[in-house]
Structures are given as structure tokens and as C-alpha cells.
Amino acid sequence: MNPLILDGRKVAQTVKDELKGQIDELQSKGITPKLATVLVGDDEASKTYVQMKANTCHKLCMASERVFLPEETTTEELLDVIQRLNEDPEVHGILLQHPVPSHIDERQAFDAISLDKDVDGVTSHGFGATTFQLGAYPCCTPAAILQVIDYYGLDVEGKHAVVIGRSPILGKPVSMMLLNRNATVTICHSKTENLPEVVKQADIVVAAVGRPKFVKGDWLKEGAIVLDAGYNPGNIGDADYDTCYAKSSAITPVPGGIGPVTISMLLKHTVEAAQKQCKVS
Ligand code: NAP
């Protein structure tokens, strides 16, 4: 039987449709949810991501502020910008575009974002609070993965989820979120031995590796669910779609899977941040 195609564009549209009413309500009270994005340097891909985020904000009648800083910006200068945005009552969410130039202390910069404006879930405090289910905004790609799971009513409790990747913005937080949903979680990384055999035990595979077509269909147990967070040049995922399609019971395509949901989660978090900061629920 063909697998269920998990259509991220449909999931994203549903999230955005729900947001419209909430944004209208905020605007009726004179509040426009605003996302500030900070980009350091001239990385073309990062510029495109920042532009996409601003465009999506505008489509939903949200406000956005883009702060472009030169490549030679110091950590201290970046911290000053973040502090200004933390103190600006019109800014409800802050996103520091990753990666920043290597001379900048990225962790210090992320952790300077105040928790109530950390709509991208990048602070250490936010990660801890997400892990302990204390109401912080989770990172957007992990949140998107969970949103797809919920939209399609996929069973997580008691299932074995194998997450390939342990980055602070993706592999680690999605592992904690799946654990909080009572999955049995195995986290794999570049030092994992016998990866195909580990993946073979999975009911759910999350591919978050950053290597095109890395996860092969013959690694999968028959009927596994494949959630591919990967996005490599040429619109190629971290799972080898054709061979995984043949073995899985449900699969996210690339493009059109987790990616579009990620931006909608960023906007969802920003609207929630505006509601909380302005005490409108
Ligand atoms: P990352 O920071 O480079 O992390 C990659 C992870 O994969 C690391 O934990 C690494 O292990 C692991 N890994 C690398 N080679 C491996 C191997 N041969 N076997 C097993 N594990 C291996 O990447 P990321 O930022 O998490 O991104 C992962 C993917 O998601 C990329 O394709 C990226 O483009 C995509 N992404 C998509 C979105 C979206 O909106 N859809 C957002 C963010 C990222 P070590 O820890 O041992 O090095």
C-alpha cells in the first residue's frame, strides 16, 4: 500500500488560518504582533530565509523588523542590538538568524534573548523549560514536526522514535518533545555505531542530519513513519525519498513537508508572545 504523504503545506495553511482570527483580535485592541529578525553578515541563504519570514509576516498582517548587521559586528555590538529589541515593547518575538559569523559567541548571543521573546526556542533556558514542559516556545522545526504528527493524528505514545541528529535547534529538542509525548527515544549522531540497525528498530524516524538522501529505505522497518526535517541544496531532504516511500506507512516530502510548517510555527509563537506580553488571551 502507498504511504500517507504528510502534506506540510496543508498543515501550515491550517495553522495560518487559525492565526488570522487571533491577529484580528489583537489588532482590534491596537496591537500588531511583531517579529524582529537579526541577520549578521552577507550569507545569501540566510538573507533568503529572513526575507521569507518577513513576507509571511506581511501576508498575515503582522509587523516585522529586519536588522542587518555587517560581517565584522562584534559579540558586544550584537548583544546591544538584542538588548534594544528585548526592551522594545512593540517587538514581541526575536529571531537571530543562524549561523552567525564564527568570531561571534553564538551561545551568548542566543542566551541574551529574553525568554518571553524567544519565539525560536534558541535560549538554554528555553530548551530547559521545553524539556520540563514549563511553557517556553520550542524551536520551530521540532514544533513543526510535532504539529505534523498532531495534524495527522499519528500515534507516538509507546512507539520507538529514532532521531538522527542532536543539534541544539533540532535533534535534541525534538527528542525531548517526543519523550514528553511518551515515545521511547533513541538519539543518533555521527559517532553512533551500526546506524542502519538502530534505524531498523524505529516506528518513527526523524531525519535531522544535514546530508542529502542519507536515510535509505532498506534501513527502515516495514511501515515506519519518516519525518524528514532535512533541507539540502536543490530542495533535497535527509531521507532518500523514493526508497523510503516504498517502505514507510507515512512520509514527509521535501520540499513541502516540515519546511513550510516551520515558518508557520514561528508566526504562531510570535502571536502567542504578543498575546502574553499584552495580556490578551
Ligand atoms: P547540524 O547542526 O549540522 O547537525 C547535524 C546532526 O547530524 C549532528 O548532530 C551530527 O552529529 C549528525 N550527523 C552528521 N553526520 C552524521 C552521520 N554520518 N551519522 C549520524 N549522524 C550524523 O544540522 P541541523 O541544523 O540540526 O540541521 C539538520 C537538517 O535539518 C539539515 O538538513 C538542515 O538543513 C535541516 N533544517 C531544516 C529546517 C527547516 O525549517 N525545515 C530548519 C533547521 C534545519 P554530531 O553531533 O556527532 O556532529
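Just so it is clear, glycine is given a Cβ too, placed from its N, Cα and C backbone atoms.
Annotations in TrEMBL come from automatic prediction, not curation.
For reference, TrEMBL has these:
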DOMAIN    6-120  domain 'Tetrahydrofolate dehydrogenase/cyclohydrolase catalytic'
DOMAIN    140-277  domain 'Tetrahydrofolate dehydrogenase/cyclohydrolase NAD(P)-binding'
BINDING   G165, R166, S167  NADP(+) binding site
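Positions of the features from TrEMBL, shown on the structure.
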residue: G165; record: NADP(+) binding site; Cβ within 10 Å: 24
residue: R166; record: NADP(+) binding site; Cβ within 10 Å: 18
residue: S167; record: NADP(+) binding site; Cβ within 10 Å: 17
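For the domain 'Tetrahydrofolate dehydrogenase/cyclohydrolase NAD(P)-binding' (140-277), the model gives a mean pLDDT of 98. Across the domain 'Tetrahydrofolate dehydrogenase/cyclohydrolase catalytic' (6-120), DSSP classifies residues as 59 helix, 18 strand, 38 coil. The NADP(+) site, placed at the center of the C-beta atoms of G165, R166, S167, has further neighbours from the same chain whose C-beta lies within 8 angstroms: V163, I164, P168, L170, G171, K172, I187, H189, A208, V209.
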